[in-house]
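Database features, via TrEMBL:
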type     : residues                       : note
ACT_SITE : 104                            : active site, phosphoserine intermediate
BINDING  : 30, 31, 32, 33, 34, 35, 36, 37 : ATP binding site
DOMAIN   : 23-172                         : domain 'APS kinase'
Ligand SMILES: Nc1ncnc2c1ncn2[C@@H]1O[C@H](COP(=O)(O)OS(=O)(=O)O)[C@@H](OP(=O)(O)O)[C@H]1O
Ligand SMILES: Nc1ncnc2c1ncn2[C@@H]1O[C@H](COP(=O)(O)OP(=O)(O)O)[C@@H](O)[C@H]1O
């Protein structure tokens, strides 16, 4: 009897043909309240409706399970990003478009994930929003608690955020709509030939 082929014999191109698109990691970084989750959700919906295999990994949710043992010190955030990066990389190898939304405040931590994922497949998205706007939005009341001294090491208040210097996509969530942000990421996915031009025509 012919032995079953090991799964290693499945080439990336075969996965791409079956899915109709390539794998990618769309990594959304930004302050709490900048709009990362909102953008990730809208992007996931759009890609799903286009027929793509897409999955969103939100930092907040991952912290309920995979990273439940981690707090918010800089070394713990680094470990959080390392784990999310490894998982995203695996999904990407499986041919999925993975959307990560995590504050991921330190450049070095993001650079390590970038080094893991082949260049055209890693798309860093800076969800840019002034701290004052994030604080005014305060969707979870965390800034209020941080200002009151009830939440230690809060990003932007008592813990650093290093903005990307060369993100593939920059989305200004205080000035542009969620749809604008989705459009910019889709344009990049098309430009990098992750999705086909026919899968997304607008810009
Ligand atoms: N101290 C402190 N600093 C920042 N954020 C805090 C903190 N404590 C709790 N939270 C909540 O945790 C969410 C951020 O988790 P992340 O995994 O994205 O953070 S990180 O990437 O490891 O920095 C973050 O989610 P978002 O508001 O969606 O960004 C907060 O809801
Ligand atoms: N252009 C925009 N993009 C994303 N979010 C926006 C935008 N404009 C306003 N918002 C609002 O900002 C808030 C951001 O919350 P959220 O997406 O949870 O941010 P984060 O995940 O970065 O903490 C939401 O209430 C969202 O409706």
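The backbone N, Cα and C atoms fix where each Cβ goes, and this holds for glycine too.
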Fill in the blank from the handout: On average, residues of the domain 'APS kinase' (23-172) score a pLDDT of 97
Fill in the blank from the handout: Excluding 30, 31, 32, 33, 34, 35, 36, 37 themselves, the ATP site's Cβ centre has within 8 Å the residues 101, 103, 127, 129, 134, 173
Completion exercise
For residue 30 (ATP binding site), the same-chain residues 6+ apart in sequence with C-beta under 8 angstroms from its C-beta are 36, 103, 126, 127, 128, 129, 173
Handout entry: All-chain count of other Cβ atoms within 10 Å of residue 36 (ATP binding site)
Key = 27
Completion exercise
For residue 32 (ATP binding site), the nonlocal same-chain Cβ neighbours (under 8 Å, six or more residues apart) come out as 103, 134, 140, 142, 143, 154, 155, 156
Problem - Cβ under 6 Å from ligand 1: qualifying recorded positions of 32, 34, 35, 37, 104 - result: 32, 37, 104
Handout entry: Candidates 31, 34: member of the binding-site residues with the richest Cβ shell (10 Å)
Key = 34
